[in-house]
Amino acid sequence: MSDMSDQTRLSSPPSLPLHKQPQSRYAWLVRSIQLMKPVTWFAPTWAFMCGAIASGALGWNESIGRLLLGMFMAGPILCGLSQVVNDYADREVDAINEPHRLIPSGQVSLRHVYILTAVLTWIGASIALFLGRQVAFFVALGLVFALAYSLRPIRGKRNGWIGNALVAISYEGLAWMAGHAAFAPLTGESVTIALLYSLGAHGIMTVNDFKSIRGDTIMGIRSIPVQYGKVMAARMVVTTMGVAQIAVIGLLFHWGHPVAATVVAILLAAQSIPNARFIRDPENNEVFFNATAIMLYVWGMLAAAIGLAA
C-alpha cells in the first residue's frame with residue numbers, strides 16, 4: 001500500500017526543467033537586463049556626456065532632460081543591444097565553454113532574444129531620430145559596427161586589431177560625436193579629440209583579453225595578448241593610451257586651452273604607477289588597472305570636453 005506522498009507524486013504532472021518553466025514579467029525583465037550587461041554601459045554613457053559638454057551648448061534648462069535621454073540611449077539601450085547581439089552570436093561557442101550562460105543554459109530563449117533585440121532597436125532608433133539626424137547617423141553606424149564585431153561573415157572579434165577598433169570607435173568616438181551633435185553642430189576640434197580617445201580606448205579594450213588568453217587561443221581568436229604575448233600586449237595597452245593622451249594635451253595647448261591641457265597632463269602622469277604595475281603582471285593587476293589608470297583616463301576625457309566648451 002503506497003503512502004500519500006507516493007500518490008501525490010503519481011497524480012501530479014511532471015515538473016518542467018527550470019529553463020522550460022513559464023517566466024513572469026519580472027523574471028523576463030531581470031533576464032533581459034542581465035543579458036544587456038549593465039557593467040558595460042558606463043563607457044558610451046560617459047562619452048556621450050563628454051561630447052555634449054564639448055558642444056558648449058549644454059545648459060541647466062531643458063537640455064538636461066535631453067542629455068539624460070541621450071545618455072540612456074547610448075548606455076542601457078544601444079550598448080545593451082550590442083551585448084545581446086554578441087551573446088546571441090556566441091551561443092554555440094558558449095554552449096561548449098560556458099554552458100551556464102543565459103542563452104546556452106536555456107534561461108533565455110531565442111524568442112526572448114529576438115523580442116528584446118527588436119524592442120531595443122526600436123527604442124534606440126526612436127530616441128536617435130528625436131535627437132537629430134546626425135545623432136541617428138552615428139547610431140546607425142554604431143549598430144553596423146556592432147553587427148560587424150559579432151556576426152559572420154566579418155565577425156571582427158576574431159582579430160584583436162579589428163574587433164577592438166570597432167568597439168573603441170563605437171563606445172568612445174561615435175558616442176562622443178553623437179553627444180555633441182545632439183546639442184550643436186560638430187566641430188573639427190571635437191571630432192579630433194573623440195577620435196584620439198577612441199585610439200586610447202583600443203588599448204583599454206585589450207585589458208579585458210588577458211583573462212581569456214587560453215580560451216581565445218583554443219578558439220582561434222587572435223586577441224592582442226594571443227598575438228604578442230602578455231608583456232608586449234600590456235606595453236601596447238599603456239603606449240596606446242599614453243600616445244592618445246599626449247596628442248590631446250598638445251592639441252589643447254595649441255587651441256588655447258592651457259588649463260584643460262594641464263589637467264589632462266597631470267592625470268596622465270598619475271597613470272605611471274598603475275601602468276608599471278600592469279606591465280609587470282597584467283593578468284593579476286587587471287582590476288587595479290581598471291580602477292586607477294583607466295579611471296584617470298576617463299576623467300581626462302571630461303577635462304578635455306570642458307576645455308573645448310570654454
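Each residue, glycine too, has its Cβ placed from N, Cα and C.
According to Swiss-Prot:
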type	residues	note
COMPBIAS	1-13	compositional bias 'Polar residues'
REGION	1-20	region 'Disordered'
TRANSMEM	39-59	transmembrane segment
TRANSMEM	67-87	transmembrane segment
TRANSMEM	112-132	transmembrane segment
TRANSMEM	134-154	transmembrane segment
TRANSMEM	166-186	transmembrane segment
TRANSMEM	187-207	transmembrane segment
TRANSMEM	248-268	transmembrane segment
TRANSMEM	287-307	transmembrane segment
When counting Cβ pairs under 8 Å to the transmembrane segment (287-307), the leader among 39-59, 67-87, 112-132, 134-154, 187-207: 39-59
Same-chain residues near the transmembrane segment (187-207), Cβ under 8 Å, at least 6 residues beyond its ends: 43, 47, 51, 54-55, 160, 163-165, 167-169, 171-173, 176-177, 180, 223-225, 233, 236-241, 243-245, 247-248, 251, 255, 282, 286, 289-290, 294, 297, 301, 304-305, 308
